[in-house]
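Asks: First the structure, which I've put down as C-alpha cells, then a few questions once you've had a look.
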C-alpha cells in the first residue's frame, strides 16, 4: 500500500512538473508570436484619416478617438446628388466616451478625498 501511495505521489509530481514546463513553453511561444505581430502591424501602419475628412480612398483608415475608432460614414449632403464619405464618430460612442471621461474625473476626485 505504501508503494502505491508513493508511486501515486511521484506520478502526480512528475505530471504537474511536465505540464508547468509545457505551459511555460506555450506562454513564451505566444509572447514571441504577439511581438512579431505587433512589429508587422507597426510596419504596415499608415497615416489615419482625421475626423470629418474624406475617407472614400480607404474606409478603414479613420483615426481612433480616445476610446473608439471613428467610422467612415456615407451620406448625401443637403441639396446635392453626390455621395460624400467622411470619418465620423457615431453618437452612441460619443456619449459613451463622455460618460467614461466623467467617471474618470469623478474617480480622481474620490481618490483625492480618500487617498
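Going from the start of the chain as shown, residues are counted 1 onward.
Using N, Cα and C of the backbone, Cβ positions are placed for all residues, glycine too.
Heads up, here are the entries from Swiss-Prot:
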DISULFID  48-63  disulfide bond
DISULFID  55-72  disulfide bond
DISULFID  62-87  disulfide bond
SIGNAL    1-20  signal peptide
Asks: If I take the alpha carbons of residue 62 (disulfide bond) and residue 48 (disulfide bond), what is the distance between them in whole Å?
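Replies: Residue 48 (disulfide bond) has its Cα 5 Å from the Cα of residue 62 (disulfide bond).
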Asks: From the disulfide-bonded residues 48, 63, 87, pick the residue whose C-alpha lies nearest to the C-alpha of residue 55 (disulfide bond).
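Replies: Sorting the disulfide-bonded residues by distance from residue 55 (disulfide bond), the top entry is 87.
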Asks: Is it possible to get the count of other C-beta atoms within 10 angstroms of the C-beta of residue 87 (disulfide bond)?
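Replies: A 10 Å sphere around the Cβ of residue 87 (disulfide bond) contains 21 other Cβ atoms.
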Asks: Among the disulfide-bonded residues 62, 63, 72, which residue has the largest number of other Cβ atoms within 10 Å of its own Cβ?
Replies: 62
Asks: Which residues in the same chain, at least 6 apart in sequence, have a Cβ under 8 Å from the Cβ of residue 48 (disulfide bond)?
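Replies: The answer is 61, 62, 63, 64.
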Asks: Taking 10 A as the limit, how many CB atoms besides its own sit near the CB of residue 55 (disulfide bond)?
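Replies: So the number of other Cβ atoms within 10 Å of residue 55 (disulfide bond) is 25.
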Asks: Give the distance between the Cα atoms of residue 87 (disulfide bond) and residue 72 (disulfide bond), rounded to the nearest whole Å.
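Replies: For residue 87 (disulfide bond) versus residue 72 (disulfide bond), the Cα atoms are 4 Å apart.
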